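Participant: First, the structure itself, so that you have it in front of you.
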Amino acid sequence: MSLNVVILAAGKGTRMRSDLPKVLHPIAHKSMVQHVIDTANSLGSSAIQLVYGYGADKLQAALGEQALNWVLQAEQLGTGHAVAQANPNINDDDTVLILYGDVPLIQQSTLEALLAVRPTNGLAILTVNLPNPTGYGRIVREQGKVVGIIEQKDANAEQLAINEVNTGIMAVPGKQLKAWLNRLSNNNAQGEYYLTDIIAMANVDGVEITTSQPQSAIEVEGANNRVQLAQLERAYQARAAEKMMLEGANLRDPARIDIRGDVSVGMDVMIDVNVIFQGKVTLGNNVTIGAGAILIDCDIADNAEIKPYTIVEGAKLGQAASAGPFARLRPGAELKEDAHIGNFVEIKKSVLGKGSKAGHLAYLGDAQIGAGVNIGAGTITCNYDGANKFITTIEDGVFVGSDTQLVAPVTIGKNATLGAGSTITKDVAENELVITRVKQRHITGWQRPIKIKK
């Protein structure tokens, strides 16, 4: 028996007030529908049917590289009609799991529990109890047994008082699902083909119906406007922050970080407020992240420190290395063990060796820098001639004085010293002192210009 997942994603989302299809609006680092697709894949599904309609080009551009069966719903005539479009792709012996592209927070564990309670030849529906069930289809029971689902607009006063509601998520045997869908009618207040009507059909046919509930109601909430989208974003962030804390991170304020990717944390990690994580980020043990830092696709080793307002993108920090405040590490940058860059230092596609330091106001691009090197303030590796990039090599123990320009390609030998204000255009041998600045002149009796009166 195979698991065949149908994801409904055909709606425009008019209340979003956007040209973007509703399901492509993002939660954290990926679209709502991508969250749902990823969850479906985590269940080991044999196939995923994506029912689409509005914004087909944008959907296919965003999702087209994935293993999806694209099912067109040319007219939006209700949820039952949407699922019916996938009938040709459903086998009789499939278990069909129906999900929604605008319900991104549904968890794998919740769906596994739903599938576990589905009878062999029956169906299982995911329900939730809400204090205010307005707008939702009510679960109608008789002597505890589910006999149907009644939509809000079709419900009477007694049914409106029910607070157990339908989430729309259900697991259904393929053979019966196709038969029930073919029997649907649009004779209702909306003039639509309701998927929920198959519950009453199942009851009439004597098919066993079971229910399951999510761990929290937020899992089954959708986003129809940007306010609801923001609420789901906050819920996602709270869940992600909780996961980080359980893994060993100390968050100064869990409500004031943003996690837009996959973050792995070691023990005793300290994270201050307003930090943003994007992409794949790995934090070792005892790492400290200062306020306002941005970490993107980076690897931070044990005991390293990212000081406030530092940007680390596509870079690596070794053990006990530190960066910032107000530093920028661009893709390809690597700080080896105990290396340090300070405020207003930018490093790109370069390695700063063990124990080496660039304390402030420097640009290090396309550079290979050894161990124990001191980079003075105002130092620049001039790596670009307007057409090509070139490498600067600085070997172990070099002292680079302030305001030095190294015009690549150039190599500075071990333990060499470069005088402040020098422009280095030729290789420097080991242990040499090089000074290229103009000789200082003293002009006595110098008169400053006087401002001309107009």
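Cβ coordinates are placed from backbone N, Cα and C, and glycine is handled just like the others.
Swiss-Prot lists H360 with the feature active site, proton acceptor, giving sequence analysis as the kind of evidence. Residues or ranges marked as UDP-N-acetyl-alpha-D-glucosamine binding site in Swiss-Prot (evidence: sequence analysis): 8-11, K22, Q73, 78-79, 100-102, G137, E151, N166, N224, R330, K348, Y363, N374. Feature annotation from Swiss-Prot assigns Mg(2+) binding site to D102, N224; the stated evidence is sequence analysis. The annotation acetyl-CoA binding site is assigned in Swiss-Prot to A377, N383, Y384, S402, A420, R437. Among the features that Swiss-Prot reports, region 'Pyrophosphorylase' is placed at 1-226. What Swiss-Prot records for 227-247 is region 'Linker', and it gives sequence analysis as the kind of evidence. What Swiss-Prot records for 248-454 is region 'N-acetyltransferase'.
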Participant: In the predicted model, what is the mean pLDDT computed over the region 'Linker' (227-247)?
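Facilitator: A mean pLDDT of 97 is what the predicted model shows over the region 'Linker' (227-247).
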Participant: I'd like to know which of the binding-site residues D102, A377, N383, S402, R437 sit within 10 A of L8 (UDP-N-acetyl-alpha-D-glucosamine binding site) at the Cα level.
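Facilitator: Near L8 (UDP-N-acetyl-alpha-D-glucosamine binding site) by Cα: D102.
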Participant: Express in Å, rounded to the nearest integer, the largest CA to CA distance found among the acetyl-CoA-binding residues A377, N383, Y384, S402, A420, R437 named in the record.
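Facilitator: The acetyl-CoA-binding residues span at most 22 Å between Cα atoms.
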Participant: What does the structure give for the C-alpha distance between the residue listed as 'active site, proton acceptor' and A377 (acetyl-CoA binding site)? Integer Å is fine.
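Facilitator: Pair distance, Cα basis, whole Å: 5 Å.
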Participant: Would you list the DSSP helix, strand and coil counts for the residues of the region 'Linker' (227-247)?
Facilitator: 21 helix, 0 strand, 0 coil
Participant: Given the binding-site residues G11, G78, D102, N374, which one's Cα is the least distant from that of Y384 (acetyl-CoA binding site)?
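Facilitator: Smallest Cα separation from Y384 (acetyl-CoA binding site) among G11, G78, D102, N374: N374.
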Participant: So if I measure Cβ to Cβ from D102 (Mg(2+) binding site) and keep only same-chain residues at least 6 apart in sequence, which ones fall under 8 Å?
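Facilitator: When sequence neighbours closer than 6 are ignored, D102 (Mg(2+) binding site) has A9, G11, G13, K22, V23, M32, V33, G222, A223, N224 within Cβ distance under 8 Å.
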Participant: Compute the C-alpha separation of N374 (UDP-N-acetyl-alpha-D-glucosamine binding site) from R437 (acetyl-CoA binding site), stating it in Å without decimals.
Facilitator: 19
Participant: Got a sec? Which of these binding-site residues, R330, R437, has the most Cβ atoms within 10 Å?
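Facilitator: Compared across R330, R437, the most Cβ atoms within 10 Å surround R330.
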Participant: With a 10 Å radius around each C-beta, find which of these binding-site residues (L8, A377, A420) has the fewest other C-beta atoms nearby.
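Facilitator: Per-residue Cβ counts within 10 Å for the binding-site residues L8, A377, A420 bottom out at A420.
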Participant: When DSSP is mapped onto helix/strand/coil, what comes out for Y384 (acetyl-CoA binding site)?
Facilitator: strand
Participant: Counting Cβ atoms within 10 Å across all protein chains shown, which of the binding-site residues N224, N374, N383, S402 comes out on top?
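Facilitator: By the 10 Å Cβ neighbour count, N383 comes out on top.
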Participant: Have a look at the binding-site residues G78, G101, E151, R330 and say which one has the shortest Cα distance to N383 (acetyl-CoA binding site).
Facilitator: R330
Participant: Please report how many Å separate the Cα atom of G101 (UDP-N-acetyl-alpha-D-glucosamine binding site) from that of A420 (acetyl-CoA binding site), as a whole number.
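Facilitator: Computed Cα spacing between G101 (UDP-N-acetyl-alpha-D-glucosamine binding site) and A420 (acetyl-CoA binding site) is 61 Å.
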Participant: Could you say whether, by DSSP, L8 (UDP-N-acetyl-alpha-D-glucosamine binding site) belongs to a helix, a strand or a coil region?
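Facilitator: The three-state answer is strand.
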Participant: Just counting, how many other CB atoms are there within 10 A of the CB of E151 (UDP-N-acetyl-alpha-D-glucosamine binding site)?
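Facilitator: E151 (UDP-N-acetyl-alpha-D-glucosamine binding site) is surrounded by 19 other Cβ atoms within 10 Å.
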